[in-house]
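Structure record follows, encoded as structure tokens.
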Amino acid sequence: MTAQIIDGKAFAATVRGKVAEHVTRLKADHGITPGLAVVLVGEDPASQVYVRSKGKMTVEVGMNSYEHKLPAETSEAELLALIDQLNTDPAVHGILVQLPLPGHLNEDLVINSIDPAKDVDGFHISNVGLLATGQKAMVPCTPLGCLMMLRDYHGSLSGLNAVVIGRSNIVGKPMAQLLLRDSCTVTIAHSRTRDIEEVVRRADIVVAAVGRPEMVKGGWIKPGATIIDVGINRIDAPEKGEGKTRLVGDCDFASCAEVAGAITPVPGGVGPMTIACLLANTLTACSRANGLAEPEGLTA
Ligand SMILES: NC(=O)C1=CN([C@@H]2O[C@H](COP(=O)(O)OP(=O)(O)OC[C@H]3O[C@@H](n4cnc5c(N)ncnc54)[C@H](OP(=O)(O)O)[C@@H]3O)[C@@H](O)[C@H]2O)C=CC1
Ligand SMILES: Nc1nc(=O)c2c([nH]1)NC[C@@H]1CN(c3ccc(C(=O)N[C@@H](CCC(=O)O)C(=O)O)cc3)C=[N+]21
């Protein structure tokens, strides 16, 4: 069997198109332009690339983009003061603080200082609690993008066995919550899981969010299963020339695609959907802030 490729890049373009339509209408009917503030502390090159592409896509869908680049040695008080200012700025509907933060800054403290209504990452403890109890929340972008692709491919997810590999607060745990909400039977695997291959082999849906290049092999996969590969790993690619690198996921694409029914590629899978969902969340936050109807099909 050769898996169908789930084209996250194309799906993300469709989502951004829908967001752009809503933004046009918000402007025309209500004179409102959604605004997204992205805060980057330090000079991590990968983060800089990512923040730049977010800013570009924010502007492309017609939103205002506010980028705040702070030096690596920014103090906690300075960062909290900026967040406070963004919390009260009516032109800012979404706030994203790029993670990881430099070691001297307390990530939990910083994230929990964001107004939960503007927390477009869905990382604030209020949003985590709302999601876990089935209430209206801001849903983390990466898991939301994965859910959209799974719903689109399967229709109903009810009763399917889902295995999420990874238990981070930003991907694994919220992904498991969303799958549970869609009535999957959910297993969360992690670095202490015994016989992980056997656990994964029971899954109709595998979501890999580990950060280990090409860890999941085709032999772990139940024939016909759906694989969502969240991993973004940069590895050496001497075949492309000296010093060159390439991106791979947490799944060994070649062997997995032989067995799976469907699989997301890396790049071009989950990554573009994450950014599209960030814009969708900003639109949702803006709609809620103005007491307007929420965009349909763009929330969980
Ligand atoms: N496409 C996108 O938009 C995004 C992609 N990513 C990518 O997704 C991946 C995961 O990110 P993130 O969740 O932040 O990573 P973390 O490092 O926070 O979490 C990794 C998880 O994988 C588990 N793990 C590590 N090694 C193994 C192993 N050998 N077997 C089973 N489980 C293991 C860890 O278990 P334990 O808890 O026991 O240590 C942990 O729960 C990364 O590649 C990251 O770059 C992340 C965010 C967005
Ligand atoms: N507060 C916060 N929120 C995040 O959502 C967040 C974060 N911090 N820190 C870092 C991770 C990582 N992440 C990615 C999003 C998109 C791509 C993406 O678009 N990737 C392209 C490839 C890009 C390339 O070529 O480098 C793709 O997969 O096709 C990658 C990674 C969001 N994260």
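Just so you know, glycine gets a Cβ as well, placed from its N, Cα and C.
Under the heading domain 'Tetrahydrofolate dehydrogenase/cyclohydrolase catalytic', TrEMBL lists 6-121.
For the domain 'Tetrahydrofolate dehydrogenase/cyclohydrolase NAD(P)-binding' (140-288), the model's pLDDT averages out at 98. TrEMBL lists 140-288 with the feature domain 'Tetrahydrofolate dehydrogenase/cyclohydrolase NAD(P)-binding'.
Its own atom aside, the Cβ of ILE232 (NADP(+) binding site) has 20 Cβ atoms within 10 angstroms in the protein chains shown. Taken from TrEMBL, the feature NADP(+) binding site covers GLY166, ARG167, SER168, ILE232.
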Surrounding CB atoms that lie within 10 Å of the CB of GLY166 (NADP(+) binding site), all protein chains: 23
Neighbourhood of ligand 2 - binding-site residues from GLY166, ARG167, SER168, ILE232 with Cβ under 6 Å: ILE232
Secondary structure content of the domain 'Tetrahydrofolate dehydrogenase/cyclohydrolase catalytic' (6-121), with strand meaning DSSP E or B: 60 helix, 19 strand, 37 coil
